[in-house]
Amino acid sequence: MALTIPRSQYVATYGPTVGDKVRLGDTDLWATIEQDFLTKGDECKFGGGKSVRDGMAQSSTATRDNPNVLDFALTNVMIIDAKLGIIKADIGIRDGRIVGIGQAGNPDTMDNVTPNMIIGASTEVHNGAHLIATAGGIDTHIHWICPQQAQHAIENGITTMIGGGSGPADGTHATTCTPGKFNIERMFQACEALPVNIGFFGKGNCSMLEPLKEQVVAGALGLKIHEDWGATPAVIDAALKVADEMDVQVAIHTDTLNESGFLEDTMKAINGRVIHTFHTEGAGGGHAPDIIKAAMYPNVLPASTNPNRPFTVNTIDEHLDMLMVCHHLDKRVPEDVAFADSRIRPETIAAEDILHDMGVFSIMSSDSQAMGRVGEVVTRTWQTADKMKAQRGALGDEGNDNFRIKRYIAKYTINPAIAHGISQYVGSLEVGKLADIVLWKPQFFGVKPEFVMKKGFISFAKMGDPNASIPTPQPVFYRPMFGANAKANTESAVYFVSQASVDANIKAQYGIQKETLAVKGCRDVGKKDLVHNNATPEITVDTERYEVRVDGEHITCEPATKVPLAQRYFLF
């Protein structure tokens, strides 16, 4: 006999279902659940008097020898994912990977249990009702200046960090390159204790091929070209030749001063080959004043860095000071001041907001400690989305913001994964991928996760006083959990590397414990493959007034005077 309960009671017990709207933090973004995979009346819920008990939603007979038995079941959770959409489901995890999105439980007593999502005595369970699950974020613009960045990143929901450097040397302060085998090997060894997936860029600034190839063989997952090392056409061509041969990506910070050519010369050197452009607006560096035009090309995978996301009344002043420090400039030298002024343009920064909202800019990243904040990638993304809704209105959805939400979450999850050949491993909550999962209370979405899982094991979490009688008493702050400790840490995170380095067995050479996974398909992608962010309109820039036009229409917006996800959530 069926029991009918009020919708409010159902939501209070099992969380929202199809048609229910959930506000994201204190933004004006509202997510509506599009599909619910759960069978009403057979929901799995753990606790006193609840259903996940022996012989009820937990099988009495299934052992872990049965490959359909889960290690971890995250039940009744709302999922926001660029590929899966905005849905309600149980998430099943086994051997560190997502094995099912559907209905978990006991097939002996329940209908419609997804075949490989059996809850048994071997299964840990967490109630996901009233929580939002997202894929772990991916930051592709890391200056490895200090190892402490990893903790700040994971506390904002970033689980994969790609970049370069070797500590607080001048070369690392300015560029995201780990140059040469010695430095690459030491960085792999140094990062064994960090709780995130990691990939390193080799230094791509060399006009000859062999010095580039040896870095890829040493473990670089890609090459980074930076103007401070000389972003010349010869360097660009050489790096791309090696990338095409060895199936790795090239990232580029182009020539702000136009010393060796203009944007057109750089695009000619790229010659239609795929490339990932960093801070494509130009405040972080790049051909002044029109690097933003690179975003219109089908072979360019354009990214932003977060310090000018979104455009606010404080953006310009802050950037001038940051730039002087990061690129070793002197306010007493007129040429250095002119260099800084050429990069910081309110007109193109304003246009960048709109290009993100149009799906022209595809990726969000940090530029950590080098004109960017490693712990704010997720937050700045949603602040930009909220600002654009306020200034541009809805993006076609009726009564919700689902399309805009999926467009923006793709910018720091699936799209950077596609750009760097790791989308078969991370970037979404699709079945088969690593169980790198971030859980949020809706009111803290985009700011402070409840906890972060790495390969199906809890790595970081908000945690109260360890000496208290329950987990919640203050002071509550982020602490490393068992997944970030000792050998569990090396089992819960991976290194992304080139196939050539896997073939060379760098894991044994360097004596590292983390799994090494090869990047794949880096040279076969284009902007058309980027999810919800693949627009290629014609972009022009007035070189005197810096006005940006898209298909002939001038685009601009006002700087924000207030943003969400800000002081309401932080003491400082």
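Our numbering is plain: 1 for the first residue shown, then up by one each step along the chain.
Cβ from N, Cα, C; glycine included.
Keep in mind it's a predicted model, so treat the numbers as computed, not measured.
What Swiss-Prot annotates here:
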ACT_SITE  H327  active site, proton donor
BINDING   H141, H143, K224, D367  Ni(2+) 1 binding site
BINDING   K224, H253, H279  Ni(2+) 2 binding site
BINDING   H226  substrate binding site
DOMAIN    136-572  domain 'Urease'
MOD_RES   K224  N6-carboxylysine
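Summary: among the binding-site residues (H141, H279), the fewest other C-beta atoms within 10 A of the C-beta are counted at H279.
For the pair the residue listed as 'active site, proton donor' and K224 (Ni(2+) 1 binding site), the C-alpha distance works out to 17 angstrom. Within 8 Å of the centroid defined by the CB atoms of K224, H253, H279, the record's Ni(2+) 2 site, lie the Cβ atoms of H141, T175, T176, I225, H226, A251, I252, T254, T277, F278, G284, G285, G286, excluding the listed residues themselves.
Within 10 Å of H253 (Ni(2+) 2 binding site), as judged by C-alpha distances, the binding-site residues found are K224, H226; the full candidate list was H143, K224, H226, D367. The Cβ of the residue listed as 'substrate binding site' lies under 8 Å from the Cβ of A174, T175, T176, C177, G204, N205, I252, H253, each on the same chain and at least six residues away in sequence. K224 (Ni(2+) 1 binding site) sits 13 Å from H279 (Ni(2+) 2 binding site), counting Cα to Cα. Annotation for the recorded positions H143, K224, H253, H327: lowest Cβ count within 10 Å of the residue's own Cβ, H327. Summarising the environment of D367 (Ni(2+) 1 binding site), the number of other Cβ atoms within 10 Å of its Cβ, over all protein chains shown, is 30. H279 (Ni(2+) 2 binding site) has its Cα within 10 Å of the Cα of these binding-site residues: H141, D367, taken from H141, H143, D367.
Surrounding the centroid of the Cβ atoms of H141, H143, K224, D367, where the record places Ni(2+) 1, the chain contributes additional residues within 8 Å, namely T140, I142, G163, G164, T175, T176, H253, F278, T305, S365, S366, S368, A370, G372.
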